Amino acid sequence: MPNHSPRFISNLTRETYALILAGGRGSRLFELTDWRAKPALYFGGKFRVIDFPLSNCVNSGIRRIGVVTQYQSHSLIRHVMRGWGHFKRELGESVEILPASQRYSESWYQGTADAVFQNIDIIRHELPRYVMILSGDHVYRMDYAGMLAAHAQSGADMTVCCQEVPVAEAAGSFGVMEVAEDMRVVGFEEKPANPSCLPHDPERCLASMGNYVFNTEFLFDQLRKDAENVSSERDFGKDIIPSIIREHKVFAYAFKSGLGAGQDYWRDVGTLDTFWQANMELLSPEPHLNLYDAKWPIWTYQEQLPPAKFVFDDEDRRGMATDSIVSGGCIISGAKVKRSVLFNEVRICSYSEVEGAVILPDVVVLRNCRLKNVIIDRGCVIPEGMVIGHNHDHDRARGFRVTDKGVVLITREMLGLPVGFE
């Protein structure tokens, strides 16, 4: 019978070290990740993607955490230092940043497995019984204690968190596994072009979420073997998991948030369309991802900013926002904002109309602009009278990126402004 006693769970989380892999580029986000890693991507009006796995760790009772960084890491490191520096080492708590440092070779991190291997000495110093390896570039809420309990009680060497996804969505994007009735993994293929479907549903498959639990010494042994294999790509999905499923106990854990009915939310915001859509979903009256749940808060760096302000109330010049998230420091000055997410210190000037927009911090939209279904990168200044999102041929001609679903990306470079905002 499963043991879910508070003492059992608290012992598990205390004996666990979490390693968040946060070095990914996010190439399918194109210019949006030219100056930041995917885990440093802004989300939901005030957060960054990395805040979600970090908050899940803290809320689950896991207080020893390493954040592995590599690509364009400055903004990510700065955010973690500012927002997550409150842990007390004397109480056994820590959030450590682990940049690529050529610890065991002259190469930078060569893959997900190599990123962990090069930090073995740091993990060993923590003396954990279990190591939880987490993807740093997904938006979700999850109580990791449930997965830890399932791992311990199954006697597994490794546990892989998974969920059912459409075959078309998984193709080329996710690791796909086959499992026996007891959830033991019997087959695994990394990002196949033609994923194996579920026996009971030809339209869906079982996809890895990139979250793993290992027994510590077992993990170290497998990483050493992988490091000695000259043909390995140093990747958990491509190399480690396929090599161990036959001779070792690898189990799948079906993703569930552990936060109650209807709370199982997980999104890969790895494309411009999915990033835009995930932000738009937050605007419904009862969004599937509840950022207002005080029982499972999402922590982040809190800037000291004045409240949002809406000014002018004339018939043709009324500052207003409907069905929107408007963050601190924003000023809506005689403009109309509808179904949009505005991050900190955005200013929308008079007579402009904004709809379906995700606007990152420090953006200024000057007068008489009409913007629809756009993502505006940090620090942009939209010139007066500009119309974007209403004619995609014109948008492309001006150098903006238009997605297959009609979302328009605007960056400082596209506007001819100096680069470098993170």
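Cβ coordinates come from backbone N, Cα and C, glycine included.
Feature annotation from Swiss-Prot assigns alpha-D-glucose 1-phosphate binding site to Tyr109, Gly175, Glu190, Lys191, Ser208.
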For this session: Please name the residue among the binding-site residues Gly175, Glu190 whose C-beta has the most neighbouring C-beta atoms within 10 angstroms.
Result: Gly175
For this session: Return one of helix, strand or coil for Lys191 (alpha-D-glucose 1-phosphate binding site), based on DSSP.
Result: coil
Exercise. Least buried of the binding-site residues Tyr109, Lys191, Ser208, going by other Cβ atoms within 10 Å?
Worked result: Lys191
